[in-house]
């Protein structure tokens, strides 16, 4: 470990079936080590751990997040990083749901962990994994400050009309029912990067941001602040996702309960794990979906069409909500890598000043870039998200503030 290790932040992003991690210098953005634990709970689980020029891997079943994180710490040791003795600045944790309680980075205590666990009902795929990551990091790195950075925080100040559901007001107040929004760390980072890339004052920008990964969300941002977002009380609402279907008629749930005998747990499993692309096409990996489409699979093609249709519906809604748009940005795994999704989502919108340049859209450039024609009234961009850097900086600021 270098002498500058006291400036480094270990960032943990424990997802529903994965753990992403980076060892980051929050000042320079330099990444000393990084890796990904994939397909947790499946027979073909894998870890890729990168440290400088060296990469090591693990293949074989990883039963749960705890086992995955323990193996990650072993791989750090194998590549010469004694995290326990490194004098890290902090560990920063991405936490999906902060409810009404948390709307800024927070130093982790037992009470904070308990509160995050209580919100698991609202984010059942994510908060339990977040809690596991925090608990294991506290156990493996005692004495290192642990900071929770919440995905809901960016949307805490949504306008009342955007965050309020049209249900009984007393029930909503009693049970904390409102639109919270998610992927806020990414939406805040990317919308800020757009202003930097375009060299424009963010206060003057009207933006629509599509965060398209296994989870997917959209936001409308005016002057650096969100005015609407697609996810709601939970990460189930909005766009079509890998295993979540997004918007649906709530009457479907009552119908399934009466006609098929589905109880709450069965409905929860259906909506969180068996819907979306997986429910329609049998796969939740967009690369696999594309392969099936190329092979002529009709279900996969329909799933893709539903996915794009939902994107266009939110695009239209946010275009009106903003009163026009200056920049439309795609980010996250699908958003950054699928030229087809970007082109199809924005096809035929030239009358609105929205167009994609085919050559720019299919270029192999991995950085932030403009993909609209030079003279287009609306700038379309691809901007890689960097939630890890955003979390590292947030954790560093909190620790520095004492």
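Keep in mind that glycine also has a Cβ here, set from the backbone N, Cα and C atoms.
Annotation comment: Swiss-Prot describes 151 as active site, proton donor/acceptor. The Mg(2+) binding site annotation in Swiss-Prot covers 13, 387 and rests on sequence analysis. Per Swiss-Prot, ATP binding site is recorded for 20, 211, 212, 213, 214, 215, 285, 286, 287, 333, 334, 335, 336, 337. The substrate binding site annotation in Swiss-Prot covers 94, and the record cites sequence analysis as its basis. According to Swiss-Prot, the site 'Transition state stabilizer' annotation covers 183, 244, on the basis of sequence analysis.
Features as recorded by Swiss-Prot, highlighted on the structure.
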| residue | record | Cβ contacts under 8 Å, 6 or more apart |
| --- | --- | --- |
| 13 | Mg(2+) binding site | 19, 20, 21, 93, 94, 387, 388, 391 |
| 214 | ATP binding site | 15, 16, 241, 242, 243, 284, 333 |
| 244 | site 'Transition state stabilizer' | 215, 235, 236, 271, 272, 275, 276 |
| 285 | ATP binding site | 242 |
| 287 | ATP binding site | none |
| 334 | ATP binding site | 212, 213, 216, 286, 341 |
| 336 | ATP binding site | 330, 382, 384, 385 |
For the recorded positions 20, 94, 183, which one has its C-beta crowded by the most other C-beta atoms within 10 angstroms?
183
Return the residue, from the listed recorded positions 151, 387, with the maximum count of other C-beta atoms within 10 angstroms of its C-beta.
151
Using the alpha carbons only, what distance in Å do you get between residue 151 (active site, proton donor/acceptor) and residue 183 (site 'Transition state stabilizer') once rounded?
5
Between the two most distant Cα atoms of the ATP-binding residues 20, 211, 212, 213, 214, 215, 285, 286, 287, 333, 334, 335, 336, 337, the distance in Å is 19
